[in-house]
Amino acid sequence: MNLSCSLVLLGGGRGERFNSPQPKQYTPLCGEPLILHALHSYQSLPFIQEIVVVCEEHYQELFSPYSVKFASPGALRQDSVFSGLQQVSLPWVCVHDGVRPFVYANEVSEVCSAALKTGAAALATSATYTIKSRTPVRTLDRDAVAVIHTPQCINTEILKEGLLLANMMDFTLSDDSEAAELLGIEPTLVFSNRVQMKITYPEDLLFAEALLSKAHIR
């Protein structure tokens, strides 16, 4: 794959549902802060040429052993992504949530390769639960929907333009690839059959620890 890509690693969320005095992305997982599990995985990928960590200033010291740039988080996730993009110097950017510790090298490569063809791509899994709309309550076809994760790889200028448009519309994005959708670009979904965990509740951390202790995740 002929690609040089930046990583924007999001570490600015507060995580009220996690019920912890510190943001969940800095909670220890098997001996090191949660966010560093993702950072280590991306550092090993040769096409990731630049890493921007979006975090509060008082957490920057945690990343001092690593060659990274910093950006300040915003009020919304999309504000944090846009802040990170101001430090990006490459034409392609991969966005990853700091609360997603499991990063699979082959999947990052597949997502980025797909983005090269269409302008935007996101990691996805098939819906395994019954999904219903709320108003009115209706059962949705599981084969017609997908669960979206990170990484998401997008052309840097497309992502910037989509984020600016969302801000002008006062529109809150659900994920990064939706910024491309606002511009009429259909993101490619790369489906995974592996565990995709976003640490949201304390119980999630216990599950992640069990997985890391018994399997080679990366």
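All residue numbers here begin at 1 and follow the chain in the order shown.
Positions of Cβ are set from backbone N, Cα and C atoms, glycine also.
Quick look at what Swiss-Prot annotates:
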SITE      R17  site 'Transition state stabilizer'
SITE      K24  site 'Transition state stabilizer'
SITE      R142  site 'Positions MEP for the nucleophilic attack'
SITE      K198  site 'Positions MEP for the nucleophilic attack'
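When each of the recorded sites K24, R142 is scored by how many other Cβ atoms sit within 10 Å of its Cβ, R142 comes out lowest. K198 (site 'Positions MEP for the nucleophilic attack') sits 11 Å from K24 (site 'Transition state stabilizer'), counting Cα to Cα. According to DSSP, R142 (site 'Positions MEP for the nucleophilic attack') sits within a helical segment. K198 (site 'Positions MEP for the nucleophilic attack') is surrounded by 13 other CB atoms, counting those within 10 A of its CB over all protein chains shown. Straight-line distance linking the Cα atoms of R142 (site 'Positions MEP for the nucleophilic attack') and K24 (site 'Transition state stabilizer'), rounded to a whole number, equals 30 Å. K24 (site 'Transition state stabilizer') carries a helical DSSP state (H, G or I).
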